[in-house]
Amino acid sequence: MAEEFGSIDLLGDEDFFFDFDPSIVIDSLPAEDFLQSSPDSWIGEIENQLMNDENHQEESFVELDQQSVSDFIADLLVDYPTSDSGSVDLAADKVLTVDSPAAADDSGKENSDLVVEKKSNDSGSEIHDDDDEEGDDDAVAKKRRRRVRNRDAAVRSRERKKEYVQDLEKKSKYLERECLRLGRMLECFVAENQSLRYCLQKGNGNNTTMMSKQESAVLLLESLLLGSLLWLLGVNFICLFPYMSHTKCCLLRPEPEKLVLNGLGSSSKPSYTGVSRRCKGSRPRMKYQILTLAA
């Protein structure tokens, strides 16, 4: 009777109507039950059930197994979507309250535990999702920062490269100008060297002519000096020797006269002529010897 009473109470719930087995009410009771049981007995049992106290009621009710209740709730959660979880929970709560207060307390605890577990799981999943999102955000931020750093480094490297190229261009231009300047200076030095060499060669030619002129002048002076010396010697010789020659002539003149006087003129003439010729020929020889000694 208690089971039938519980089934009738369950039929009163509209939310739990589709989960209830209607065969209990629809199936007709056998005739033997109707014959054996009278309406008075039924009424008496109902009055006894209503008049008894709570302890007797707890003993009379069939205790539900916690495992069966948890299996039933799990089946409900599996069969129905999450949107109907509230209605299923309400239906389960109603069933437990109808059956027994202790079972209701146990089922309430289990439901609260399940709800807490669900909330914890949901919160854990949300935290995990948040962590994943934060990790993704951190990875994206790191990538962005890395890209920004790479861009900045690339810009700085390009600027340094441009500055280095500009410095090299300036140095190359400066070196080109220096090369041109040094080339011009070298050309000037070469031209100056050639001109100096030409001047030296020209000066050497002038020196040779001057040397030849000087030599000729020296020779001329020497010849003049020699000539003057010879003239002086000649003058001295002429001034000194006429007296001697005159004395010699005076000494030799009386002999031919004497010979002529003695009648020997024919024999004396050749000797006189010879003496005179000898004296005439000796004078230029003496002059020549004096000149050679003076030179």
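Even glycines carry a Cβ here, placed using N, Cα and C.
As the structure is a computational prediction, the values presented were derived from the model and not from experiment.
Per Swiss-Prot, the stretch carrying the note region 'Leucine-zipper' among 3-17, 33-47, 168-182, 243-257 is 168-182. Here the region 'Basic motif' (142-162) has no long-range neighbours, meaning no same-chain residue at least 6 beyond its ends has a C-beta under 8 angstroms from one of its own. Confidence across the region 'Leucine-zipper' (168-182), taken as the mean pLDDT and rounded to a whole number, stands at 89.
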